[in-house]
């Protein structure tokens, strides 16, 4: 390697300049990062991070200390560690230490082993990356090296299809003008190629060979000054200083005087990021600036915000409550023991307590009480389930990986995208959602844009009928337009425009032909699209950052302005020759012209506009701008607009058709004005401090006095199944909020098309359009607008709350629409509570013209109200909203994968949300909540038997069970059934979950995990333990002989009988809970009981040192005793009978919704058996499979049936009756809105929407399907259990589907 002369002596002048402009040597955190381009050691003192990466949590030195710390952060594990430590003191512990340490080591060891396996996989992936090969310059030539050998300041060479080893400043490439194409799929999921450009002035570096590279790296004359490492993938601020020998650009007078260097600004398009790959380019050369963990992709690999479910937080509360109970029981035990030793033990001379040690010293009762408390602390530890966390984690992983990720009904075949649960922590939270907050574009819609209509020079063009218009007409019962104008098939992908006035070159004959030409030029020039393939209109392919951009360029091509190629200096466009030809006729000829792109002012979510400053073929400097109407209209030249009002009217019409609108404008600039502005812009672009703010400020100076040329209207069609999904969620009691950047009219019409806003709703709109217009016309000042706007929004919110109260009294749903300017006031501290109160009372809310920040603020506002929120989106602008919500769902659509990478769950289509919530979410909630409550029930029941026996022995600390058997209780005896419950149990089948969405409200109300439910299980545990203990000790083994030979059971025999009763009772309690029996449940329940007996047999024949008191106990003594086998069923029956009776009473007289659906499914199975003559399927998952119709399979798939009557079929006579006077009625909840229901009642048929004739029509339709539902006047089987809420959904759906019969 060549020597580094600069490493030994850096020029003093340079040291001084760096010290003053970058940082002080005494400052540990310099303001910027300086990277010398050298092969020497000049960068060593900066201590840049190496390029080797490690994403593992542990290394060999930290695995045990850090892993143990992670495990014992859990309260339960910390408690068991303290118990294990106390058990080492034999004078205190009633249990052998190894019986405590063994399960603790097993549980902690399994968790740490899982961590080790996962971390080893991460280390393997890191190693594969670190040893990947690339090339770097060593001072004389380019040599191959591993990625981990690259350091900051190296010049690296990457060849086609390789990934970049670090973050690189692009210097040169194999393509003309030093451009290259990169794929960033691994960074943001976007598959479209992005163009990157070499640094101006050193593009010919590669052509100069090794000599030029040696000149660049021979000293410290070339260096990069840039921002410190950060996680922003799309921004970069920096400059590069190059000497005269390296610079190959145009040299101005005075530059490089006295050996000075040239400062060139660096922009994001000059940076190649690690994680991206080189495409369609043979090679590139660049400078390594960020390496290893300083690269932007690694800076983005930080952990996502930690989210915990409500059940998990409630579980922590129960653990603390159980700890408090344990301390209370220990205190009672200590008091009892102290008083007994002090007052009673001296009377028992045979105990000789006078000479006892501190454990039973009657003269030191305080010490006796403390020791008794510590003994109880160890003995009662079975109140805290040691295996709870491990079991719960296992169950959640199974739910996520087996059920969610493998659900084919949430697989999108067109894009080959399966469902992905990116975390398993929030499975049960999916069953408790109150509010869904959704983006629109790409989430509710396809984000597949088509140019549909436009307004040019105040004239509207386009004859098509949008999908939104067709959907609204269909829902309103109006005729749907037909013909060519109503065709849904695009003429070309991205273009579906029909208007003969603009066909070919007919636009040249328009009165405003020049304005039309400017309109098309904005479409063809103002963009960042990259053309690929053969440069002909038929074969070219456009790579765009958004579907809108692609649609605009395709539209320009269809209108004759063909964007052919992009170069570093500008763009080439083939456009019609403007002006009439000879004889006054349009020539129809085209020519290729070049537009020199001087500056691009890029679009972002704050600016909401994009501008391109170009030198046109005519030689004039023109600014072309496109953006949101609210932004463009603020920047129009006041008093010089001819088309403003008519264009606004057209945009309103476009918006009412559900189209996305954008304004197009231009401004001609003089050479002097541009030169003066560009000087300031260049200075802002080279600034290292607040560069973006300075560039935006310069953009404000030039993007003014614009002339409006027209507006575009883009159609973004709804995704399949969106209306059905939203309707289902509303039936489930879930409020839906849509946060969109569209205009108010667009948002309202799309809301109507997707069932978000219905005709039977009260609609309240909050906007301040009049004040916005007054401010725009400069009738009021900005401060007056702020004051008046805030007060106007306050009054409208208060009015909306009053309307909401009125609607609630009338049992009518309400929808709210609020625009972005009003929302900015509504989110202020003094108005936020009013906005939240109004929004919470509405079934649906639409927020228009919303920025990404406002999306996150709205989500946080709803979340902080205590409502469980789910945010769903598909783009980078939705990341803040997704991370702010309790649950984040990402749509893998057209806008990359940023939303997916920030989400908790991800899939391809919005309609899958119905199944995710109503099926998987509901199942997970009920499974986990029942699992957790049962866990504490079984431990409390078992622990209380120890407590009662300890009190029976005057709190002496004597145990009644074998130490090993106590330790095995949570691990082997009762763990398998509860895990099976958490994985497989389901109260109703999947079709019923979708068919009766109101069942979801059990999770919203947290009905399975309320304090009342928890106390009920606790009381059940107390009862089971008391009955079991006292029946065994005082009834079954009360002192009489237990064997025919007169032998009475001793302590350990009675303990075995008690243990048997409690284990069998707890396992059979699970059998009473289970709704869905499979072979897994049978094996887990009966297998757990069998394991108990096998353990006794094993211990009975094991060496006494290990088996202790169980040696030769069960086989020769307990098992041959008939009394033992006969008493166990009696004790278990007495323990479980009250729970069984309560369950029967609730099912018969206080039925819950799912009870009625279970009854409905039972009758449906019976009907299926009668039709098929078979026995049918016994599993709830497959009930009625053999008789399932195509319609019913559609219900199961969540697609929505063609005729949504209840499936599988059941006779309506079960749900109807007669009042004795010949007047039929239906027993159902009296409810007229999705959010409210007011109990059961007998509703006369004539009071229902539609007459009896309509239901007879429904009968006829059902009879045609072979379902034979007869309306009968017989009141048989009319009771709440048989009908309840199931009838309601059938009636609601039948009313909806009977509209054709009513026509």
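In case you wondered, yes, glycine gets a Cβ from its N, Cα and C as well.
According to TrEMBL, the domain 'P-type ATPase N-terminal' annotation covers 36-101. Per TrEMBL, transmembrane segment is recorded for 317-341, 366-390, 931-949, 964-984, 1017-1039, 1051-1071, 1083-1102, 1122-1142. TrEMBL lists 439, 441, 874, 878 with the feature Mg(2+) binding site. TrEMBL lists 439 with the feature active site, 4-aspartylphosphate intermediate. The ATP binding site annotation in TrEMBL covers 439, 440, 441, 549, 603, 626, 660, 740, 741, 742, 849, 855, 877, 878. Summarising the annotation, TrEMBL assigns domain 'P-type ATPase C-terminal' to 900-1151. Per TrEMBL, region 'Disordered' is recorded for 1166-1194, 1262-1282. Taken from TrEMBL, the feature compositional bias 'Basic and acidic residues' applies to 1179-1194. The annotation compositional bias 'Low complexity' is assigned in TrEMBL to 1264-1281.
When the alpha carbons of residue 741 (ATP binding site) and residue 878 (Mg(2+) binding site) are compared, the span between them is 12 angstrom. Comparing the Cα of residue 441 (Mg(2+) binding site) with the Cα of every entry in 603, 660, 849, these being the binding-site residues, the smallest distance points to 660. Distant neighbours of the transmembrane segment (1122-1142): 1020, 1023-1024, 1027-1028, 1031-1032, 1036, 1042-1043, 1056-1057, 1060-1061, 1064-1065, 1068-1069, 1072; these residues of the same chain sit at least 6 beyond its ends, with a Cβ under 8 Å from one of its Cβ atoms. Of the listed binding-site residues, namely 441, 877, the sparsest Cβ surroundings within 10 Å are found at 877. Each residue of the domain 'P-type ATPase N-terminal' (36-101) gets a DSSP state, and the totals for helix, strand and coil are 29 helix, 1 strand, 36 coil. Taking the Cα of residue 660 (ATP binding site) as the reference point, the closest of the binding-site residues 439, 874, 878 is 439. Note: the Cα of residue 874 (Mg(2+) binding site) and the Cα of residue 603 (ATP binding site) are spaced 18 Å from each other.
The list of residues near the transmembrane segment (1051-1071) in space but at least 6 beyond its ends in sequence, with Cβ under 8 angstroms from a Cβ of it, reads 934, 937-938, 941-942, 945, 960-962, 965, 969, 973-974, 977-978, 981, 1020, 1024-1025, 1028-1029, 1031-1033, 1036-1037, 1042, 1081, 1085, 1088-1089, 1092, 1096, 1109-1110, 1113-1114, 1117-1118, 1124, 1127-1128, 1131-1132, 1135-1136, 1139. Long-range Cβ contacts of the transmembrane segment (1017-1039) within its own chain (Cβ-Cβ under 8 Å, at least 6 residues beyond either end) map to 933-934, 936-938, 940-945, 948-949, 952, 1048-1049, 1053-1054, 1057-1058, 1061-1062, 1065-1066, 1069, 1123, 1127, 1130-1131, 1134-1136, 1138-1139.
Counting in whole angstrom, residue 849 (ATP binding site) lies 14 from residue 878 (Mg(2+) binding site) by their C-alpha atoms.
Computed over the domain 'P-type ATPase N-terminal' (36-101), the whole-number mean pLDDT of the model equals 83. Those residues noted as binding ATP (439, 440, 441, 549, 603, 626, 660, 740, 741, 742, 849, 855, 877, 878) have their most widely separated CA atoms at a distance of 24 Å. Residues near residue 603 (ATP binding site) in space but far in sequence (CB under 8 A, at least 6 apart, same chain), listed by position: 609, 610, 627. When the Cα atoms are compared, residue 877 (ATP binding site) and residue 439 (Mg(2+) binding site) turn out to be 9 Å apart. Only residues 6 or more beyond the boundaries of the transmembrane segment (931-949), in the same chain, are considered here, and those with a CB under 8 A from a CB of the stretch are 311, 314-315, 318, 322, 329, 333, 379-385, 388, 391-392, 395, 958-961, 969-970, 974, 978-979, 981-982, 1008-1009, 1013-1014, 1017-1018, 1020-1022, 1024-1026, 1028-1029, 1058, 1062, 1065-1066, 1069-1070, 1073. Counting only same-chain residues six or more apart in sequence, the Cβ atoms lying under 8 angstroms from the Cβ of residue 878 (Mg(2+) binding site) belong to 439, 443, 852, 855, 871, 872, 890, 899. Outside the transmembrane segment (964-984), and at least 6 residues removed from its termini, the chain residues within Cβ reach (under 8 Å) are 95, 99-100, 102-103, 106-107, 382, 385-387, 391-392, 394-395, 398-399, 402, 927-928, 930-931, 934-935, 938-939, 942, 1059, 1063, 1066-1067, 1070, 1073-1074, 1076, 1078, 1080-1081, 1083-1085, 1087-1088, 1091-1092, 1095, 1099, 1106-1108, 1110.
Within 10 Å of the C-beta atom of residue 439 (Mg(2+) binding site) sit 30 other C-beta atoms, taking all shown protein chains into account. Every protein chain considered, the tally of other Cβ atoms within 10 Å of the Cβ of residue 874 (Mg(2+) binding site) stands at 32.
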